[in-house]
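Q: Dumping what TrEMBL says about this protein:
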- 32-51: transmembrane segment (TRANSMEM)
- 77-272: domain 'Polycystin' (DOMAIN)
- Cys141-Cys154: disulfide bond (DISULFID)
- 277-298: transmembrane segment (TRANSMEM)
- 310-328: transmembrane segment (TRANSMEM)
- 328-477: domain 'Polycystin cation channel PKD1/PKD2' (DOMAIN)
- 348-367: transmembrane segment (TRANSMEM)
- 387-409: transmembrane segment (TRANSMEM)
- 449-470: transmembrane segment (TRANSMEM)
Amino acid sequence: MAEASRWHRGGTPKPNLHYSKEVEIRTTLQELALYFIFLINLCILTFGMVNPHMYYLNKVMSSLFLDTSAPGDERTNFKSIRSITDFWKFMEGPLLEGLYWDAWYTNKTLYDLKNSSRIYYENILLGVPRVRQLKVRNNTCKVYSSLQSLMDECYDRYTSKNEDLADFGLQVETEWKYTPPDSTSPWHWGFVGVYRNGGFIFTLSKSKSETKNKFIDLQLNSWITRGTRVIFIDFSLYNANVNLFCIIRLVAEFPATGGIITSWQFYSVKLLRYVSYYDYIIASCEITFCIFLIVFTTQEGQKIREFKSAYFKSVWNWLELLLLVVNLLKNTDQYSDFYFLAYWHTYYNNIIAVTIFFAWIKIFKFISFNKTMSQLSSTLSRCIKDIVGFAIMFFIIFFAYAQLGFLVFGSQVDDFSTFQNAIFAQFRIVLGDFNFAGIQQANRILGPIYFITFIFFVFFVLLNMFLAIINDTYSEVKADYSIGRRPDFELGKMIKKSYNNALEKLRLKKPEEDEDKKNEKSGDLVERARREGFDENEIQSAKQMKKWKERLEKKYYSAEIQDDYQPVTQQEFRELFLYAVELEKELHYVSLKLNRVMRKISTLPA
């Protein structure tokens with residue numbers, strides 16, 4: 001009789017649930033087929049949004065605006081800017097030359113300009129670029145009393161509280177007047193601060209000469225001050241050949257320590273989604289995806305309503321909920337600013353990437369029929385407690401070394417400049433990527449001691465302990481599987497049974513006796529043997545003999561075995577030997593019974 005409590009196909013226990021195996025097979029196979037259709041549709045939808053030209057467009061634009069040097073100064077490009085003088089050289093040189101293309105290389109007019117520029121002759125500049133700076137107020141920090149005679153001004157790092165909102169300079173054009181930020185605009189996360197929108201903004205002209213005069217005027221009137229903390233250069237391009245927009249942001253941060261730190265963002269996105277016939281195929285996949293999303297949401301809602309709190313005890317149910325959540329987050333807001341469009345489009349792509357990742361991970365739920373996968377999941381579930389205990393010990397030592405590295409080398413080695421960098425630097429050391437020369441130069445004594453002891457304790461001791469935990473547990477699982485233990489739910493057997501049933505219905509294979517009926521007959525024979533007085537040892541011995549006999553007969557006396565010689569393995573010889581020993585015991589037992597009967601017959605009167 002079936003158990004009163006069985007695992008539901010979604011992985012959640014349902015009390016008092018009786019179901020037919022045929023229904024379970026059919027339902028599980030239908031769910032597997034449906035999920036594969038969903039996964040294929042999701043892959044087409046995901047990879048259809050990615051264009052290999054995105055990388056090349058980003059590469060070409062970054063090479064133009066980041067690596068091009070200023071005229072007469074081959075060492076000055078955007079990456080190498082370190083002072084305000086270098087910044088203005090870049091603005092009047094590489095930036096100006098890169099933005100305004102008005103003639104072919106033979107100095108002939110290539111096209112009708114119509115007040116627009118075509119970078120590399122193929123990428124049209126959309127609108128005009130924008131330059132924006134954020135400043136901080138004076139006296140936002142305190143100067144030590146003994147040094148106030150030497151310095152009466154103090155400009156702290158950028159925060160929204162320290163931001164300077166007052167007009168300055170000529171106070172005529174927008175670049176001298178403060179523009180409030182848009183509350184819906186995303187903040188920019190830089191190297192030394194997080195910056196909001198707004199600030200002192202001006203747009204470039206469509207004329208190259210006018211823009212150059214603007215730069216000269218700003219430089220002469222000291223548009224960049226001691227309070228300047230960041231300058232953003234934003235512009236957008238469109239390439240009709242590959243139907244891609246490239247949104248570019250160049251960032252120059254002015255930290256409180258002095259100097260300039262540069263960074264950049266290049267977003268190549270496909271904002272015009274439906275242009276070619278292939279795009280309409282992607283649109284059909286999007287509609288199909290929405291249908292799947294509604295169906296899966298309804299199914300999970302029914303499961304939650306049916307199983308209630310027991311639903312959340314299964315890992316697979318949590319994964320399904322996570323898939324639904326990341327799918328429902330994929331709605332973007334439309335903004336007129338191309339940078340905001342690119343920002344939300346990138347956010348959308350990130351959600352898509354997470355979705356496709358978990359969608360592939362969910363396949364593990366359906367491949368429990370594979371012996372290796374089943375052993376892997378059993379190994380991880382058994383050793384989870386040992387791994388948690390090991391992880392606590394590992395991260396105590398790991399974080400202790402990270403703090404040591406940050407405090408000792410943080411002021412001189414870039415990999416240890418922050419505590420977060422120190423953590424990732426140690427992970428790279430474990431993988432073999434390290435800068436030993438920099439560590440040794442920072443501290444000749446503690447540097448080698450730190451490195452050697454970290455490699456010894458973390459790499460040679462702790463990691464090998466982790467592998468030993470996994471290896472020992474895996475050996476135990478394999479030993480359990482070798483003596484016949486199997487997971488209760490194996491999809492492989494169900495698929496094989498469905499395949500055999502299909503062949504039997506098509507009369508391509510003779511019907512086999514159902515396993516349940518065999519077990520039922522075996523149970524009846526056992527009960528009959530108990531009633532006739534056989535003890536449990538005799539019954540278990542007979543059952544073992546029957547199993548060996550069936551296995552050996554199937555293996556050595558099958559009609560498919562040919563007459564050619566087949567070498568006998570050590571395992572086969574062991575099985576045959578044990579089978580012969582059991583036969584000898586049975587023959588000896590029968591012989592004793594016969595002798596007893598003969599003695600009783602001989603004592604009977606004639």
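Along the chain as shown, residues are numbered 1 onward.
Just so you know, glycine gets a Cβ as well, placed from its N, Cα and C.
Describe the structural surroundings of these features, if you would.
A: Below 8 angstroms of C-beta separation, residues 242, 244, 268, 270, 278-279, 281-282, 285-286, 288-289, 292, 296, 349, 352-353, 355-356, 359-360, 362-363, 366, 491 of the same chain, each at least six residues beyond the ends of the transmembrane segment (32-51), sit close to that stretch.
Sequence-distant neighbours of Cys141 (disulfide bond) (same chain, 6+ residues apart, CB-CB distance under 8 A): Cys154, Tyr155, Asp156.
Across the residues of the domain 'Polycystin cation channel PKD1/PKD2' (328-477), the predicted structure has a mean pLDDT of 81.
If you look at the transmembrane segment (387-409), the same-chain residues 6 or more away from its ends with a CB under 8 A from one of its CBs are 415-416, 418-419, 421-423, 425-426, 438-439, 442-443, 446-447, 450, 454, 457-458, 462, 465-466, 469.
For the transmembrane segment (449-470), the list of distant contacts is 379, 383, 386-387, 390, 393-394, 397-398, 401, 404-405, 408, 426, 429-430, 434, 436, 439-440: same-chain residues at least six beyond its ends, Cβ to Cβ under 8 Å.
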Q: Where DSSP helix means H, G or I and strand means E or B, what are the helix, strand and coil counts for the domain 'Polycystin cation channel PKD1/PKD2' (328-477)?
A: 121 helix, 0 strand, 29 coil
